[in-house]
Each structure stands twice: as structure tokens, then as C-alpha cells.
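Visitor: Attaching a single structure in C-alpha cells format; questions to follow.
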């Protein structure tokens, strides 16, 4: 009987862990039951179970291989994990590669299509190519090109990136009846800021909030942008619209009037009625194509005089979003209040000091005074001269995201 026991353990040792575990449980006979069976029957039963389980495991393994190495001629698309990051005005590559199993496809029959996908599952055509024929759509015209880094490259380069380019993109590659897709997230370096108009707080429906941000050289912020700003210390106790139609606000220092919660976080009212309900706005802006500066004058000016002063200096009165961008990227630090384009009075502080509005860096807001008051200076914005770059691949740099099987290169002139 001892030799029989040794033989059984040898059988189990040759079976994968899952199979041996199942066989032990299924063949766990009591001594009385085992005496009633012949040893040959017992071994045959376990052998059949082993064969069945190993066949199931082999079938499962073949399914995994089939997914990774499709032998039906299907297109397999590979895009970058995570996101690629740049700034407004920069150039960025949205990486996408494809191959066939087997590789015997005529490249002139490959269709490459790029589409922007919004949070509400709306689709905006960006670029399509069939063989050597290409077409670019809407605001992407003149700014989007195929990278053409070799066979199987469906990557596109976006030049002169705008705030509106932020978001999620779909790369679709089609070969006759077979197709596959991948997704790339384009993120922007920037700054989120709360905004309300001269009329006061909670005066904007969704569409008015969207327009208000655009008027201040910005767009409505996304939830991820607001969450990142909260992680960096943004604290604002008034609810505002986000680009997905939700209403939220970030609290870094919990207090009774800000949600009555003991923990910091981003408070969320959920999705609200876009026409009937009114809140403030959370706007997002990015790097400037120009600079903001405080115009030095011997006397204070009212709003009309401020506008004329900037024009005489070859510039215009700065918008709120431009002042925030200058504070973030130019590190503009000025302890002097000045007019902005919307009639508000603000000033940027990078290095806090006691006489400049408190212990935290930020853009100080003194409200919307009467435009006739001659009590303030003015912040002006001077735009850079436009530079044309006809080679979309001229200034790209490569970053390898990892060494795993699915890793690939990302090209970007922005920061990643």
C-alpha cells in the first residue's frame, strides 16, 4: 500500500497547481471507500480527471494566444498607455501603431482614422487617410499630419495645440472588413481658476459659464484638471460648472460653510440642468503665446484710460486667464492691483508676503469696482509674433514609456 501512495503523489507532482488541487479534492476518498475500489479503477479515474483538466487549461491557454496573436488577418492596434502631455502652442505626437497577423496586406487598402471622443460620447472627426489620400477636418486643418515613421505607423502630429485640443482621441485602423481601435489621452499643462462675472456669484448657467471662460482666454475645466488643482492646494468654497456638465468645488481646508465635512476633497453636486441652474465656473488655461506685464505709469487710471494706455504701448488689456497663465508659467509676481479686461482688479503673487494679501501664493481678486475709479494700474498682454513651421517632425523628441511587451515610444515637444 505504501508503494501505491508514492505513485499517487508522483502523479500529482506532474500536474499544474490548479489541476492537482482539483484532483486532490475530487479523489479524496476515505479509507473505507478506497478499500472497496480496486487500485486500477482509482488510478484510471484520476487519470481521466487529469486529462480533462489539462485539456481545459490548454484550451484556455490557446484562447490567450489567439487574442494576442490573431491569425485571422485582423488588424491589431497599439497606442500609448496613460497620456501624452504638452502645452498650448506646442506640438505633440498622438502615438498609434498597427500590424497584421499575418503581414500580407496592401498598404494602399489601409484606412487610418482619428476621432476626438468627448465625455458625453460625442465624436468629432479629426483626420482620415486611405492609402496616399488624406483629409483633415474642421479646426484641425493645417495642424494635423501623419508622422509616417515607417510601416505600421498611424501616429499623427498636432501642431500649435489649442486649449480645445485637450481630451481623448481614438485611433482606428481598417483593412477591408477587419478593424481595431486604440485610445490616446492628450493632456495640457495649465492652471485652473474659479470665475464669476461682474453681476455676482451663481449667475451663470452652463452655456454662459462656457462663454465666460472663453472670453477670459480659457475653457471650462475637466474633473481631472480640477482634481489635480485641488491636489496642488486649490481651495474655493463656491460651486462651479465643469466641462462635462457637473458642478463641483475643491476644499483643501474644511470648514462648516464648505460642505460641513471634516475631510478635504472635491465636493460634487453631480450633473445639473444646463439651462435652468446657475453657478460659477471653473476655467482652465495653459501657456501663453505672449507675455503679461504691469504697465508702469506715474498715476493711477480708470478703466477707459487703462485700455488706451495698453494700446499706446502696443498691447491690449490682459484677460483673467492670461494673468493666471502668466502667474503660473512666467512666475509673474507683482504686488500692485491693476485693471483686467473684464473690469476686475487683480494682482499675481508668487512669493507671499504680509503686505501682499496673505501667506499663500495666487492671484488676488479685489472685485469689480466702478470703472470710473482712478485707483489702479493696468496689466497688459503683448502677443508674440506668429512663427510658421512647415515641418511637423522638426522639433519632436522621443520618450520611451517602458520596456514591457506593450511599451512604445511617445514623441512630443511638450513635457511628459
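Numbers run from 1 along the shown chain.
Cβ coordinates are placed from backbone N, Cα and C, and glycine is handled just like the others.
In TrEMBL, annotation is done automatically, which means it is predicted and not curated.
Checked TrEMBL, it gives:
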- 74-187: domain 'Ig-like' (DOMAIN)
- 191-285: domain 'Link' (DOMAIN)
- 237-258: disulfide bond (DISULFID)
- 290-382: domain 'Link' (DOMAIN)
- 335-356: disulfide bond (DISULFID)
- 388-416: region 'Disordered' (REGION)
- 397-416: compositional bias 'Polar residues' (COMPBIAS)
Visitor: Ten-angstrom check, please: count other Cβ atoms within 10 Å of the Cβ of residue 356 (disulfide bond), all chains counted.
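Guide: 17, counting other Cβ atoms within 10 Å of residue 356 (disulfide bond).
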Visitor: Non-local Cβ contacts of residue 258 (disulfide bond) (under 8 Å, 6 or more apart, same chain)?
Guide: 237, 249, 251, 267
Visitor: Might you list, by sequence position, any residue in that chain lying six or more from residue 335 (disulfide bond) with a Cβ less than 8 Å away from its Cβ?
Guide: 347, 349, 353, 355, 356
Visitor: On average, what pLDDT score does this prediction assign to the domain 'Link' (191-285)?
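Guide: Across the residues of the domain 'Link' (191-285) the model's pLDDT averages 95 on the 0 to 100 scale.
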Visitor: Tell me the Cβ neighbour count for residue 237 (disulfide bond), meaning other Cβ atoms within 10 Å of its Cβ, over all protein chains shown.
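Guide: For residue 237 (disulfide bond), the 10 Å Cβ neighbour count is 14.
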